[in-house]
Structures are given as C-alpha cells and as structure tokens.
C-alpha cells in the first residue's frame, strides 16, 4: 500500500498540492461573513477536515489526503468527460439514423444513384458556377450578392420581409420589420434597392425606413444565426446557402461529396452552354438517346469553337481533358446514353488524331465539321437506310404496334403511310409517368395516319386485334443481344412473342454497346419517384411547367419558415402586421394543403417502409426479338458483337 | 310464370314494396354504383331475403322460377357483376337440394333400396331400374309439402351464405400464410382486393413475417386504390414498393410470388380480375416461372365458362387515358377495366375451403351449383 501511494505522490506535480492548501486555510479564515451557499461549502470543508483528521489519526498524512482528493476529482472529471462523449456519440448516431431514414433507398435499387443525389450535385455546381454577382433566392430569403461579398464569406442576407410588405404598408414596416428578422446593411444600399425593386413593388423609401428601423442588435442577431446555419451544413463551402434542406440530406454520402468537390475544383472550366444542356437533360426537356446525342454534339461544336488552348500545351492534348470536364458535368444530369458515350469516344479519338502542328483555328474548324458529318452519317443517313430496309417489311394494310416514342419509328411510319401510301394502322402503347407515346401518336395522327393509343395495362386487348408486327425503338443493344430500352418494352415484346407476333427493332449502329448485362435491376437509371405521386395524365415535364421540383421545394420550405416565424412572433405580442400576416398565411397554408391532399402518396417520404420505384429502362431478352434492323442491314440480335467488331473502325 | 312476375302483377303491398327495392338495386347496378364483388354479393343476398319473404308461390318450382327471373334481371343489369348471379345460383342450389332430399325420402319410402348415383363403370351400362316411375312418384309427393318449409330453407341458406362471405378472409389467410416465407418479395397487381390486403396485414402482424410487397399501379383506373393500398401496408410496417405497370418485367426476376385478387373464377380455372394489366403480369410471372396464387372466396366461383372472353371483360371511357383531346384530331383508345387471366397462368387458387389447382376448380363449382341453373336466361337454357 505504501509503495503505491508513494508512486502516486511522486507522479502528481507538487504545485497542485500547494494550490489546494491555501484554499482550505482561506476558507477557515473568512468564516463569518458568508452567505448560505458558502456556509454549506464551509461545512463540507469542515467535514472534509474532520475526515482528514480521522485519517491522519489512522496514519495518513495531509499530503496523501490531498492527493487522494485530487485523484478523486480527476476521476470524476474523466467520468464526466466520458459521459459527455457518450452523449455526443448517441447524438451523432441519432443524427445518422435520421439521415439514413431521410435518404431513401429502395430495397432493390439501393446501388443506383437517385435523382435527388443527382439534383443536389447539379444544384451545388450551378450555384457555384453561375456568377456570384447574381442574386439568389434561398429558403431563408433573398440573397443579395453585394452584401454577401461585403460580409466576406458568410454570404447570406435575408430580406424575408419583401413578400409581406406591400406598397401601402409602409407605415407598418417599422413594426413588422424587426419581427420578421429583416436586416439590411446600410452599406451597398444601391445594390439592395436594385434587387428589391425588381423583386417586388417595394418603394425605395420603404427600404430606407427599414434600414433605419433595423437596429444594430438585429443585424448582429441575423449574422449570428447565419453563421450558425453555415456551421450546420458546411459540407461543401460555398454551396451551403443554396441547397434546400431536403437535398442537404443526400450529402451525407462521402463519395458524393468528394465527387462534387472534384467538380467544383474545375468549375471555372465549364462552358455555359454545357450548363444549359445539363439542365435541359436533367428536366427531361430533351429525351431519347438520339435527340440527346444530337443536342450534345451541337453543344460540343459551340464549346470547341469557344475553346482557347492554354499556353504551353497543344490543342490535341488539352482539348480532350477540357472536354472531359464538360462531360463530367453532363454525366451528373443523367447517366450518359450509349449514343452519347459512343459519340464521345469517337470525338476523343478524332482529337487525338489531329496533327499538333495544325493551327488551332483550322483544327477547331475541322473538328466542328467532322462533328456535323458524324451526326449526319451516323444518325440521319443511318435512319434513312433503316427506313428503307424496314419499309420492305411493312405490307399493305398491316397493323403495327409500337411502344413509347422513337424518332426512327415515327419517320418510318410516316414514310410508309404518307409517301408510300400504305394503308397501315398503328397502335401506340404508352405508359406512366413519361407518356412519351402521346407525342408520337399525336405526330402520326396530325399527319393523317390511322392511330390507336393505348396504355400498357390494356396489352391483352391490343394483342387480340390482329396485330401483324411489333416495331420497337431502342436505347441501346448490348453485346449479348439484350435490348436496353424504355421500361415496358420487354413486357410488350414478351406478350408478342407468346402470341407469335414478330418483334422487330429499329436501331442505328451508334446504339450498339460493348456492355453485357443480364437483368434490369443491376444497372438502370432511376427517375424521380415524385413523378409517380400525382395521379394524372400529364407527363412530369408538362406538370412542372417552368417550376421545377426545386422551386416547389423552395416554396414549401419558404412557407414552413414563414409559419415558423409567425409562430415565433405571436408570443412577442406583435400587434398589427404580424397578426395580419399570420392569418393570411394560415389561410394560404390551408388552401395549399387542400389542393395538395388530393395525392394519396404525398407524404411518402415520411413513411419509412414505403418506397416508390421509377426506373427508366428494362432489358428485353434476345429470344423475344426476331430481328434488328440497322443501317448495315437486318440481323438477329446475336450478331450485335459481330457488327461491333467488324465496324469498330467506323463506329 | 311470366318473367315480369315480380315487377308488376302482384297487387300485394309487400310485393310492390319489394319491387321498388329491386328496381332501385337494378338501377344502382346499371349505374355501377355498387362497387366490388363483396358489396354486390351482400346486397344481392339482402335483396333476395326480402324478395323470398315477400314471395308467394303454389309449388316450390314456382319459387325457383321466380328467383331465376330475379337473377336474370340482375345479371342483365350488370353482366360482369358475377358475384350477383353466383349467390343467387347458390341459393337456388340449396333449394334444389332440399327438393331432391324430399323426393329422395319419398323414394326411400316407396322403394326399399336407395339407388346410389352411378358410381361405377359397370353400372353405366346397366339398365336403370324404373326411373320414370320414381320421378313421377316423387314429383307427385313433393307437391304435398308445405310451402313455408322452403321459405325457411331459403332464408336459412341466405343467412348461412352471408355468414360465409363475411368470414371468408379468415379461412383464406390460414392457408395462404403457409405459402410465403420470411423475407420474400411479393408482387400484387390487384391492389383493390380487400382479401389480399387483409391477408398481407395478418401475415405481417399475426405471423410476424417480414416481407416486401411490390404494388403495381394499374394506371389509369386503379392507381388511387394502389396508392392507398401501398400506404396502408406501409403503415402496418410492411416494406412496400409502388411500381409503375411498365416496370413489372424488369422486377419480375426478383419476385418470389405473385398474389392476385379475383372478381370471378370460372369453371375452367380462368379468372376475371377487377384490374387491367393483371393478365400481362401473370404472363410475365409465367415467363419467369414465378408462382402465381389467386385468392378467392367461394362466392366468386362462377359456373360459367369463358368461351368468349371479350364478353366478360369490361371497357371504360377514354377520358381517363386522353383527357384533353383535340376534337378535330381524334384518336382511338382502349381502356380496359377488367382483365381475364387464363388458367395456365395461375398456379393455385386459395379459397376459404382450401387450396386448389385451376384444373380442379370445376369440381368445386359443381359442389355448389346446379348445372340446370348455369343460364338463368330462359332463352339460353
């Protein structure tokens, strides 16, 4: 025992022991003029002293006692720290759990990138890429860039009173302004007024009043809250303020963050036309593998025209990597289609073949011409050949079933019905949620073709109507002969095969892919599950109109925030402005709820065991396909790898 | 008796009252205001009960004829509401059994040995022993029976049938739960079926199995039901995936079993489901060798044979498919409301009396119906 004590004594620094002694003596001296609290403390100390005396009587020295006390203290401290740590851990775990719950991954398709993740990435990028001088609207309010730059870093400034304040409410502004935590910095008022006047009907005088009314403490408050917010989601600096809270949750995936960071590093390289194309693709404004490919090639022509070779490199070496940055962004809109991939591969090869000695201008012009030629050769002329070939299949008065919308097929059917004047009947089968077939049916109908439109649920009836052929378009044909096409194609092909109706696929060789795949679950593209929540007959692009899901999200969050503000303001006794505002808002909210509640699945994200699967493609096994018509002629699906190998040079 | 016997002839107050109820029910059927075979069956039985209590007849054959007429008019009002005709045929069978029993008892008294039904091939070629005489005897003696007896029999039969229909889910659940295992992925293309819903919920809660259910949307006619169904399942803590109709083939390779609800089951083992797209789903399942099991209450068994499928499949209006059409540029559309699934695409039927192969369904049907009542319409019979 004595040994261990001696060890511990030597271990503790002597200064601590010295510190402890004067406190006890001081306490003993100033005993009388003390408050209750101190009295209690004194009593404790007395007891401790008594105990010490007892212990001393037992043969333990004061120093030893003090040391023991110190050890006890340390122990307690340690325990406390541990507890805190544990709590922290638990909190973190809870947070993680919540995140896991929020980021919904369906059971079967957990390995695929969700639309939400893609959207978050694009949003992060566009917000970082688009010039910092444009003002942005966030859920917290309008962000005015000049002020933001003045704040250097913490770049949010709310002007949330812009909406409630009407032109004739200037008298109540002073009352409502502090309530709605409106703050404007006196600095850069010119920029502010410019921003606000464009945003609302507010008069400059009202703003000035606001500025006058908002005192320094308010400013400090908002700044504090801003920095807090920034601290909460500083996953990627510079984008924090722009991402709606829902999208933030998808940023807990570390690989996603790193990919975004990587893209952000090269944000200055990205061409604005690529940004535009990305948003078009992401919102399904351009759909179909051929239209997507054409759009991409057109944009590449612009990009190449605008390209300037940096000093120290040559065009043939640098342009490829420059294009890679653009393609990285395009990939984030939607996974590249096979046609796009093939075109990119071809383009990169062409670039590498350019003689480094050719002047940039000539090389660029040459490239642009080649791209145009490629599009013409691989798509337009190929389509022409396919149409010529497939037309021999279509006899007088046949009934043809197609699925979805395909550019080649539309042209083929129009050619046969109008130019060749064959009396054909076309049945366009369609499905939710994109309703692409409607477009095709309308085009054909407007040209005077005998068209019937049906949904995939009525397949049984359709195939009871003396169908002669099924013609299908393709997204791609894989090397093992599987047809990768819009979801639903496989079912149609299967039904046709079971009824001994020949299935023909029209497909440019540009769509041939080296990939092999066995079923539709392993590799696919997930579309937005929210597109399936509405039960109506419009496709998501029509339904959204110009406001994307993001805008809707923003509106929702804005409403929520306003409600929260109103709730916060109420107890403060805000008389006129606050009350009016909250009443109006509650009415608005109830109306909104009414109009929203018609969708049964509206709150599907909150139900942990409910998921919506919206896959875009499926795989049709080669045994359902009678033949594939390409510009090289008609062949069985098993010959796809042959074509790939034989014509690799040209493809 | 003429076919209008129950509509106009009788001056009695009670019968006219019944006639009013019949007319309103016929109107409701015609307007498709009664939805679901369960509701239709129960309402038909209630109506039949009132009809029988108010009916007057001299001979039991008279009563049977009146019920047949009623059934015929109801079937004409809604030709694809099969459960309506089914329950009426069931009651007719009960009555006919009773009649037969009476005749049997009389024949037992007249002839010492009760002749068994032809059960052996040897008997097949034997000369039947004085059948004509027996028949005559029996019909003569049964005429002596009191009428009130049959009223009682019919009403008791109706009450039993109502009980049976109301307790069908229990019987089905017990059999069906043994067919799914833990962590299985199930797919159901008929989200409007209450039997399927109840079965899945009890499988989750009572047997505590965890499984995933894929629900197809059945656009355009059934999407609302599908979404509600999915929500209910999710609220009961069942992993649920809402799947568009087009993705069925893509997902079928992962599905362990397909469960379908039925609207009517025919003697050949085929079924009509109250949801379009089911037949394609079952075809997919067949292609992937995924077992399909159909759940059906006994009252859904129909003694009809689907010679002409198109007669049994219902079609709806175009407004749900192409809501905003340019009137100058019209398109033809198809909107199939129900769907016929052929017997070869169904592996097993789970009814409240047991599980059966589709090829055996005819036998169950003839246990409950009489051949003579297959066609209630006199012109066809």
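Cβ coordinates are placed from backbone N, Cα and C, and glycine is handled just like the others.
Taken from Swiss-Prot, the feature N-acetylserine applies to A:2.
Positions annotated as compositional bias 'Low complexity' by Swiss-Prot: A:11-28.
What Swiss-Prot lists as compositional bias 'Basic and acidic residues' is A:30-49 (among others).
Residues or ranges marked as compositional bias 'Basic and acidic residues' in Swiss-Prot: A:76-90 (among others). For the compositional bias 'Basic and acidic residues' (A:76-90), the list of distant contacts is empty: no same-chain residue at least six beyond its ends comes Cβ to Cβ under 8 Å.
Annotation source Swiss-Prot lists phosphoserine at A:106.
Residues or ranges marked as phosphothreonine in Swiss-Prot (evidence: sequence analysis): A:121.
Marked as compositional bias 'Basic and acidic residues' by Swiss-Prot: A:580-590 (among others).
As a summary of secondary structure, the compositional bias 'Basic and acidic residues' (A:76-90) carries 15 helix, 0 strand, 0 coil according to DSSP. The DSSP secondary structure for residue A:121 (phosphothreonine) is helix. All protein chains included, residue A:121 (phosphothreonine) registers 26 other Cβ atoms within 10 Å of its own Cβ.
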